[in-house]
Structures are given as C-alpha cells and as structure tokens.
Amino acid sequence: MKLETKAQGLRGSLRIPGDKSISHRSIMFGSLAKGVTTVRDILRGEDVLSTMQVFRDLGVTIEDDGDVVRIHGVGFDGLKAPQNKLDMGNSGTSIRLISGVLAGQDFDVEMFGDDSLSKRPMDRVTIPLRQMGVEVSGQTDRDLPPLKMHGSKSLKPIYYELPVASAQVKSALIFAALQADGESVIIEKEKTRNHTEDMIQQFGGQLQVEGKEIRISGGQTFTAQEVVVPGDISSAAFWLVAGLVVPNSKIVLKNVGINETRTGIIDVIKNMGGKIKLSDIDQVAKSATITVETSELNGTEIGGDIIPRLIDELPIITLLATQAQGKTVIRDAEELKVKETDRIQVVADALNAMGADIVPTEDGMIITGKTPLHGAEVNTFGDHRIGMMTAIAALLVQDGEVDLQRAEAINTSYPSFFSDLEGLLHG
C-alpha cells in the first residue's frame with residue numbers, strides 16, 4: 001500500500017474509536033453477569049470481534065445492531081462447553097483473559113490464534129493457573145498457542161507475585177480468583193492498567209487494592225450494567241504525535257479515555273515540550289478532549305514505572321523522538337519483545353529504513369534526533385501499531401514513496417484509521 005507523504009498540515013477534530021481494553025472486558029463481564037448488559041461505543045476491531053465470537057461459542061447470546069451491543073449474561077455457571085476450538089485471532093488479550101475465565105470451567109477447550117499469536121508465550125499465565133489446579137498445556141516450554149485446557153470447579157486460591165508487569169496476566173488471574181474457593185492475593189511488579197479492577201466494581205463485585213497488592217474472594221456474582229466505552233488513548237496516540245510533528249497542524253480529539261494507568265504518553269509529551277491541552281474532563285467516565293499542535297520538541301528519558309502506562313504507545317513515541325532535538329532513551333521496556341512482533345527490533349528497523357537514527361538495546365532504544373525521513377518499504381509483520389506508526393511517519397517524508405506491506409493489520413484495532421487520516425489531511 002502506497003502511503004500519503006508530504007503532508008502540509010493536519011487540522012480538524014476526531015472522535016476516537018472505543019477503547020480496546022475496555023471493549024474486551026465489557027463483553028467478558030457482560031457475559032459473566034446476570035441480566036442484559038448494553039455496551040455503547042464499543043470498538044469493532046478484529047481483536048474485540050474475536051472475543052465476542054468466543055463468548056458466543058461458549059453459549060452467550062450477544063446481539064449487535066451496529067449501535068448498541070446487548071449481552072445476555074449467563075454468569076460463570078452458565079458457560080457451555082464449546083463445540084469447536086476457540087479462535088482468538090491475533091488477540092493476546094482474548095487468549096490470556098479468557099484462560100482465566102475458563103480456569104473454573106469443568107470442560108475441555110482448545111484455544112488457538114493466527115501466526116503472530118502462535119509465537120507469543122503463554123507460560124506467564126499457565127504457570128500460576130496450574131498452581132490453582134488447572135490442567136493446561138501448550139507448545140514448547142513457553143506454552144505457545146494452541147493451548148489445551150481443562151478447568152476445575154474446585155480452584156485453589158493463589159498468592160502470586162507477578163514476575164513481569166502485565167495487565168493481561170493480572171486480569172487472567174483475577175478472573176480465575178473470582179472462581180476459587182477462598183481469597184487470592186496478586187502482587188504486581190509495577191502498577192498496570194486497572195480496567196479489570198474498575199469493571200469488577202462497576203458490575204457489583206468487590207476487591208481490595210492497596211498499592212500493588214490486590215485481594216479478591218471467589219464465589220462472587222455480577223449484575224448486568226449499561227457501559228459506555230470511552231475513546232482509546234492508544235489509538236489517539238497516533239494523532240497526538242501526528243499533530244505535534246507534522247508542520248502547520250492542530251488536532252482536537254474528543255472523548256479520549258484518560259484512566260490514570262494509561263496516560264504515560266501525555267506525561268512524555270509534556271516532558272518533551274509538546275503543546276498539549278486537556279479540556280472537558282469527565283472524572284466519572286475518565287475521559288477528556290485533548291488538543292495538540294505542532295511543537296518544537298526535545299529528547300527525554302523514558303523508563304521505570306511509567307513504562308506500563310505507555311507500553312502500547314512506545315512505537316509511536318519512538319517516531320516522536322526522531323523529530324525531537326537530542327537523545328531520547330527508552331529503557332525497562334523488554335516487554336515490547338513479546339508483543340505482536342518484537343517491537344524493539346521491528347520499530348527500529350522500520351524507522352531506520354526511513355532515515356531515523358535508532359539503536360535497539362536489550363530493554364529499549366536510543367533515538368537521536370532530529371532526523372528527516374525519506375521513502376522506504378516497510379512491513380508491518382502483521383502488527384497493527386507498526387502499520388499506524390509508519391503511516392504517520394510517511395506524512396513527514398519529502399523524498400520518495402513509502403510502501404507499507406500488510407497494511408490490513410491496522411484493522412486489528414482501528415478499522416477507520418485511513419478514513420480518519422483523510423479527514424485531517426483535508427480538514
């Protein structure tokens with residue numbers, strides 16, 4: 001796919017598609033609650049559609065009229081053994097969290113995914129689930145998908161210190177703990193996104209969170225709710241960076257989720273000197289309007305406890321750093337290696353091919369800016385965030401063409417990305 005280059009400016013306002021993390025969890029909690037849950041502004045990207053189909057395969061009736069999704073919840077006890085293998089597509093969120101849901105189910109399941117998902121290690125979930133009494137096996141000693149699993153109606157509670165900062169692993173263990181006999185304690189390495197904890201309380205459940213320690217009792221039931229999904233800050237991130245680095249730009253993003261565990265990119269932009277403003281802040285919905293405009297930027301250091309708050313935004317932050325004066329150092333981000341691709345290597349290769357100066361490290365990157373970018377051929381390797389990062393980078397290219405291979409990966413999280421880009425180019 002040939003990408004748009006030589007942008008003269010991006011102007012206009014956008015309403016960002018629904019948050020992917022919250023969309024997944026809305027389907028899960030709606031399915032596990034009693035009654036009919038309605039979800040508005042859900043993201044209809046491929047990952048979320050995978051989760052929706054899996055719960056249908058587990059016996060849940062889910063209606064989608066294109067406006068509102070209605071989930072006829074069955075509770076933990078109402079899930080049925082699937083007739084076929086469960087297809088998780090490209091979605092690490094789906095396979096990890098649903099492993100936790102199925103941990104307390106006394107039936108056989110097999111979960112599989114696409115080529116990319118089949119390379120992602122699941123041992124960080126399977127090891128603690130085995131301790132709780134689940135029979136589960138995968139491929140190689142890292143338990144790559146497909147996973148075969150048989151849950152237990154007498155799950156043991158667990159005391160578990162997470163070896164990595166991972167909201168997916170934490171959430172999988174929370175779903176399992178909700179079905180265990182007694183109280184479980186989960187201790188995070190670093191604070192990660194807390195949508196699962198928030199939604200437990202929204203759906204009438206209980207848990208205690210003190211610092212990095214989560215206590216949760218089994219045997220809880222949930223009640224159906226009305227959910228409105230805010231815009232996804234991980235999708236908004238591409239426009240935040242575009243508005244900062246493309247000359248003559250001003251972009252207004254409406255209804256963006258600003259959950260405090262997800263706003264690391266806003267902190268980084270401020271640290272780099274970017275012009276960014278939040279308005280219309282809704283403390284209940286945790287959303288705001290965010291405005292950015294073309295800025296002179298300086299390099300910065302990114303590491304430590306901010307990393308889980310921007311882990312998915314690091315590819316586009318790397319592009320931002322190529323357009324800042326001086327060095328930017330990203331560290332403590334080894335988790336990038338086990339995303340849809342090895343994002344440290346793939347991001348560096350893609351942007352270096354376009355003229356950037358990026359040195360990959362064991363746990364991050366060293367980026368030296370400011371560098372002009374030129375045309376190149378870039379492959380997403382099936383990673384949606386690489387695709388969108390490259391499309392924004394292409395806007396800065398003055399010399400040559402940018403040819404993006406496997407651009408369809410973007411549909412994983414942002415099916416309307418290119419139409420939104422067109423709107424801003426002609427805004």
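Note that Cβ sites are derived from N, Cα and C of the backbone, with glycine treated the same way.
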Annotated companion of K20, G92, R120, Q168, R385 at the phosphoenolpyruvate site, Swiss-Prot, chosen from R44, R56, R343:
R343
List every residue in the same chain as R120 (phosphoenolpyruvate binding site), at least 6 positions away in sequence, whose Cβ is under 8 Å from its Cβ.
G92, L144, P145, V338, K339, E340
Report the member of S21, S166, Q168 (the binding-site residues) whose C-beta atom has the most other C-beta atoms within 10 angstroms.
S21
Helix, strand or coil for S166 (3-phosphoshikimate binding site)? Use DSSP.
coil
What's the CA to CA span in angstrom from R25 (3-phosphoshikimate binding site) over to Q168 (phosphoenolpyruvate binding site)?
11
Take the C-alpha atoms of R385 (phosphoenolpyruvate binding site) and D312 (3-phosphoshikimate binding site) and report the distance between them in angstrom, rounded.
8
What whole-number Å value do you get for the CA-CA distance of S166 (3-phosphoshikimate binding site) and K20 (phosphoenolpyruvate binding site)?
16
